[in-house]
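Enquirer: So TrEMBL has the following annotated:
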type     : residues : note
SIGNAL   : 1-26     : signal peptide
DOMAIN   : 37-181   : domain 'Htaa'
REGION   : 188-207  : region 'Disordered'
COMPBIAS : 190-207  : compositional bias 'Acidic residues'
DOMAIN   : 212-349  : domain 'Htaa'
REGION   : 364-390  : region 'Disordered'
REGION   : 421-473  : region 'Disordered'
Amino acid sequence: MPHATARAARALLAATALVASLLLWAAPAAAEDLSGGRLDWGVKASFRTYITGPIAQGEIQTGDGASTVDGAYRFHSASGSYEDGTAVIDYQGWVYFWGHEGELDVTFANPSVEYSGSSGTLYVYVNGSRTDMASLGGAALDVSGGTASVSGASATLTANGAAAFAGYYEAGQALDPVSFSADVVAAEAPETEEAEESPTAATEDDTVSGAVLDWGVRASWREYVSGDIADGAWATEDGAADGGAVFRFTEGAGTATATDYELSYQGTVAFTGTDVDLAVTDPVVTATAGEGVLSAEVGGERIDLVAFEAELTEADGLLIAEEVPTTLTEAAVPVFGGYYQAGDPMDPILIAVPLTADAVLPPLPDLGSDPVEASPSDTPEATAAAERTEEGANPLVWIVPAALLVVLAAAAAAVAITRRRGRTGPEAAETTVEPAAEPTPADADASAENGRGGPTAPPAAPSAEGSGNDKEK
Ligand code: HEM
């Protein structure tokens, strides 16, 4: 019966079309953009000790927003992509090692990682040249909860990386572990942050709003809090943000001219740790004729913390002063337990006051969300389950087998019908479908679309080349 055969063929075609449409629907989305995040890497603990110790008698500096947290260097402002299981991420900031009166002079800048599964590569600009520094492994790339992260990957020096250490380390040597994270950019949130931050224009009577204040308190203080002695941490809240080497206080309002200004900001940065409990809240900067003081609420009292000299200059719709040196006031000595003296240098400040509605505030290094720390509960099964639920993950996992089952069932029906026709009459010749051949290409295409083992685009070069300018001792 030709009708039965045609029905079988139609059923098969319909099933095949269904599979094709399911596969199209289920095909992995284009690369996910990653933006904002941090990479923590201490290079090698013994190297750090050597640099500042009696042999090299040198020093270590960080710059371009990099900071030191718990001995490791924290690089910031991730940008990259996650595609076909591979994360390719660039970070910003540099760390500079100097010693032996300048014989040792090396800058590691703008690290980047390529990582898939449980292994990858760490690249670093060494004195301006991009170098594959270390092979990474032993920790799984976790893409869940809106971040892509790796916690505590082992780092093994490459032959190219070894050259950066003048032959004192050999390829294969263990470096400090690497942890990194980057936020997955939501599909439809391109400019909300800018819109939110859209500053308010100044009025004619010098009243301003929307100003920001960046201040890191003091680098050695942060190192002390996060280091082995205090073994602590800090948190920002109520309008303050952590930029790594600086904290940003926001919603600054008050009056401002170039030389005289009073700006009240919002936000708290709270340091906690062994014998450390210090919250700096709602700072105010006040200056007369360029002589200024920064005060904040500390322990329920408003205390003058640092003094500075700064005139604001007008540029690009902002009144701004950057990298303004500060010194500790007498009143703030007890705030830091007496470890620093009045007049000691504290971290520089940045004051930026928008004068026009379209003025763009200087960007804060973007550390992204707090990465999920690996814990005993983070079993591979738990991670996989989280990926499935949180990402809405890859529907191919169940759709492909289900769809193939549909095709195979239809194919089997078609074969059975065709065989029956074949046995009973010549109409069987109408059946030109070769059912058994159908599922295989679909399957292969699905794998190809899934991209397993496909080539990975090389990461873009960092926008700022490896620094090396700030070589002053
Ligand atoms: C005047 C030139 C230099 C002298 C006299 C010198 C001397 C030394 C000495 C004596 C050590 C052994 C330290 C120890 O065992 O505790 C050492 C270690 C080391 N040096 Fe130098 N060095 C020089 C230049 C450099 C340069 C240019 C680099 C490049 C980065 C470098 C990287 C290292 C490293 C990576 C170690 C091993 C540190 C460790 O992990 O213990 N050195 N150096």
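Cβ atoms here come from the backbone N, Cα and C positions, even for glycine.
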Enquirer: Express the predicted model's confidence over the domain 'Htaa' (37-181) as a mean pLDDT, rounded to an integer.
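Expert: Across the residues of the domain 'Htaa' (37-181) the model's pLDDT averages 97 on the 0 to 100 scale.
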Enquirer: Under the DSSP assignment, what numbers of helix, strand and coil residues are found in the domain 'Htaa' (37-181)?
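Expert: Summed by class, the stretch gives 16 helix, 90 strand, 39 coil.
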Enquirer: Write out how many residues of the domain 'Htaa' (212-349) are helix, how many strand and how many coil, based on DSSP.
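Expert: DSSP composition of the domain 'Htaa' (212-349): 14 helix, 82 strand, 42 coil.
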